[in-house]
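Lifted from Swiss-Prot, the feature list:
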type	residues	note
CARBOHYD	ASN3	N-linked glycosylation site
TOPO_DOM	1-21	topological domain 'Extracellular'
TOPO_DOM	43-48	topological domain 'Cytoplasmic'
TOPO_DOM	70-89	topological domain 'Extracellular'
TOPO_DOM	111-132	topological domain 'Cytoplasmic'
TOPO_DOM	154-181	topological domain 'Extracellular'
TOPO_DOM	203-224	topological domain 'Cytoplasmic'
TOPO_DOM	246-268	topological domain 'Extracellular'
TOPO_DOM	290-319	topological domain 'Cytoplasmic'
TRANSMEM	22-42	transmembrane segment
TRANSMEM	49-69	transmembrane segment
TRANSMEM	90-110	transmembrane segment
TRANSMEM	133-153	transmembrane segment
TRANSMEM	182-202	transmembrane segment
TRANSMEM	225-245	transmembrane segment
TRANSMEM	269-289	transmembrane segment
Amino acid sequence: MTNSSFFCPVYKDLEPFTYFFYLVFLVGIIGSCFATWAFIQKNTNHRCVSIYLINLLTADFLLTLALPVKIVVDLGVAPWKLKIFHCQVTACLIYINMYLSIIFLAFVSIDRCLQLTHSCKIYRIQEPGFAKMISTVVWLMVLLIMVPNMMIPIKDIKEKSNVGCMEFKKEFGRNWHLLTNFICVAIFLNFSAIILISNCLVIRQLYRNKDNENYPNVKKALINILLVTTGYIICFVPYHIVRIPYTLSQTEVITDCSTRISLFKAKEATLLLAVSNLCFDPILYYHLSKAFRSKVTETFASPKETKAQKEKLRCENNA
């Protein structure tokens, strides 16, 4: 190791971040549990968008498993073995959730785009069987990229404070970590382009048909588009701006101590935004899933509003 590895206190002063991670965890676990209950209670019609949302919810539960461990480790009260477990397992779960979320949000955008721009046609990609198949492929692909980070042997280093996960990695582990980060950035860029193009096509179609009385509710469609796009930008874009420079500081390509500390703090701040998708996803379920929306109405609305919502849902299903 270089001297900067010994004397640069990169991994300190994390306590302020932990309170925000804890808040995200509390809101997220409540929202995810309610979403699970709603999807189980309501017999969904297994449209493509519902399949993608259920996969998104499953990925969110991985994040709820990982966040408590990260919080304890960042508070500095975790035993040494838990720190090692976090570096090998739970940190990877956070990134598995992140890239599954990015990919499934892209498929949700594609599905919405095809529904609104080609409402009279059903493409192969819109069939539930295809959605299940592609969801399986996505899970396998992301796990294939991430799981080796859990399995590659690590160094047996002496217990100490101010230690980062990279210090546990041997040379092959460091190289795989670097490769993984570049692959994940490529995934982010490609699926971001898909989301942007899909949403632009939808907006163009809505604009062309704004005077058509038979066209679906334009305002509702635009809200859905803006919801997905805004949530995506807030959660994932800042993190990926920081990701590559921070990775270079981890591998000591960037050696200046103050720069490394700044990049680490920026990474933690933007990672907080990224995991906050756990809080935004239940809002997404509400706007995109009839089953979830109906269950929310039944649970929290007055009997009169519940009856009106059921009648509206029945009309939508018969349409």
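Glycine is treated like the rest: Cβ placed from N, Cα and C.
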The transmembrane segment (182-202) and the transmembrane segment (269-289) contact flag, 3+ Cβ pairs under 8 angstroms: no
Interface present between the transmembrane segment (269-289) and the transmembrane segment (225-245) (three or more C-beta pairs under 8 A): yes
Most Cβ pairs under 8 Å with the transmembrane segment (90-110), selected from 22-42, 133-153, 269-289: 133-153
Long-range neighbours of the topological domain 'Extracellular' (154-181), counting only residues six or more past its ends (CB under 8 A): 1, 5, 9-12, 76, 80, 83-84, 86-88, 91, 145-146, 148, 243-244, 247, 250-251
Counts of helix, strand and coil residues, the topological domain 'Extracellular' (246-268), according to DSSP: 17 helix, 0 strand, 6 coil
Surrounding residues of the topological domain 'Extracellular' (70-89) on its own chain - C-beta under 8 Å, 6+ positions past either end: 14-15, 17-18, 21-22, 25, 149-150, 154, 159, 161, 163, 165, 168
